[in-house]
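K.L.:
First the structure, which I've put down as structure tokens, then a few questions once you've had a look.
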């Protein structure tokens, strides 16, 4: 079964890489076509937030449906959507609203695919050390998209068509790996359920969280951290494109991808003593560091450190959730957790451009002395409003995590 999981993991990771390449290319296409940070934020919003309403309901069906069929359907339908995008692009009929609509469909399928894949490790083992290893693999899969800008930055010069074609191929490979997997053919050894529909079963995940305070606290805390990180992430691409170019952006995001992989592997092997909350605090420190110096080398260090520390924390948190949540409820509970995060992401994507355009930029325009001080302090010649948001959100991550850890210790939880 472990070998079969690795086979599925390879296929799903490859499809995530293809999706990341496509998302990066579409984001660049939208930004260069419209020149609007808001439109760029909107495409990211649609990618991350489209599955919010269906996540709790999808978790119920993930618990009941065959994992094999679910993964195959998600991959196959996403491939068909990409074929449609490629056709419209080839015939020069690709419009912005069409991109938004197809991105929504892809995001819905991607959410279901992600939750289904994340429920697999607990079906193999209940040992915490092995759960950390499988959690690191799922975290690496999720982070593989961070390598996509490096690949996309090279291929994009030949045209977005090649990127879409590559993504289509990755989905067919993912389908093939599920089909040939013994693990999938055993339907993940999950007991069969009654196929009848019961609303009370859908709400079991919410009831379980309400009776397990630490899981609920962790979900809320992660949602805020996600909001703060998203508020800076949406500004990172425009910031780097202002001081450099697409290749530099791809290099920096690639550094983040390396940090994510190394952080996940470190957590699975050597992370027994460092608490995930402390690692998240380090992430906040590195986010603040982005605002200090515009040097690409320094930015690479900050991005690497941010993704390393956050990945380290997420692996340990995933292992904690695998251990604490019953197998039969993981689809529903993981869906609720991911729904909270999915709400936080678009709020972060919308908050920072809104506060930037309506508050910070008018305020900085009317106060040249503050702009001069920020230029002297940070070394950036422009985008001072961006830097204020990076500093504010980094500090908020540090403070909120400190409070979360302190209250957890008071309640007797020393694992987080």
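Glycine residues also receive a Cβ, built from the backbone N, Cα and C atoms like all the rest.
Source: prediction; values computed, not measured.
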K.L.:
For which of the residue intervals 190-214, 340-364 does TrEMBL record transmembrane segment?
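P.N.:
When 190-214, 340-364 are checked in TrEMBL, transmembrane segment belongs to 340-364.
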K.L.:
For the feature transmembrane segment as recorded in TrEMBL, pick the matching range from 97-115, 249-267.
P.N.:
249-267
K.L.:
Under a criterion of three or more Cβ pairs within a distance under 8 Å and sequence separation of at least 6, are the transmembrane segment (7-31) and the transmembrane segment (162-184) in contact?
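P.N.:
The answer is yes, given that the two segments have at least 3 Cβ pairs within the 8 Å cut-off.
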K.L.:
Cβ under 8 Å to the transmembrane segment (162-184), counting only same-chain residues 6 or more beyond its ends: which ones?
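P.N.:
Distal contacts: 1, 4-5, 7-8, 10-12, 14-15, 17-19, 21-22, 25, 67-68, 71-72, 75-76, 78-79, 82-83, 85-86, 89, 152, 155-156.
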K.L.:
For the transmembrane segment (384-404), which partner among 69-88, 249-267, 298-319, 340-364 gives the most CB pairs under 8 Å?
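P.N.:
Looking at each of 69-88, 249-267, 298-319, 340-364 in turn, the most contacts to the transmembrane segment (384-404) are made by 340-364.
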